[in-house]
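See below for the structure under consideration.
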Amino acid sequence: VRQELKHELKQGYRDKLVDIREEILRKRRAGKLPGDTASTLKAWWQAHSKWPYPTEEDKARLVQETGLQLKQINNWFINQRKRNWHNN
């Protein structure tokens, strides 16, 4: 009986640790784009730094190149302009 209880406790802790690890990995991924995706967007940004507003065609091409959703592309540019662009 004692061995069974010990085994159940170990299994319970093991399962809980797996759940915690998965949650941490999920949270870490949120908000960060993969490096190659970010570099594609940054390259477009640098090439169009005077007026960083992609056309619908530009956005469609970036969706194809990066695999991101259109909403993610739009949000990236909104955030990038807020953080890094000063229209002088």
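Including glycine, each Cβ sits where the backbone N, Cα and C put it.
Because the structure is a prediction, the values reported are computed rather than measured.
According to Swiss-Prot, the protein carries these features:
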| type | residues | note |
| --- | --- | --- |
| DNA_BIND | 25-88 | DNA-binding region |
| DOMAIN | 4-24 | domain 'ELK' |
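If you look at the domain 'ELK' (4-24), there are no same-chain residues 6 or more away from its ends with a CB under 8 A from one of its CBs. For the DNA-binding region (25-88), the DSSP-based tally of helix, strand and coil residues reads 44 helix, 0 strand, 20 coil. Residues of the domain 'ELK' (4-24) grouped by DSSP class, helix first, strand second and coil last, total 21 helix, 0 strand, 0 coil. Looking at the domain 'ELK' (4-24) alone, the prediction's average pLDDT is 89.
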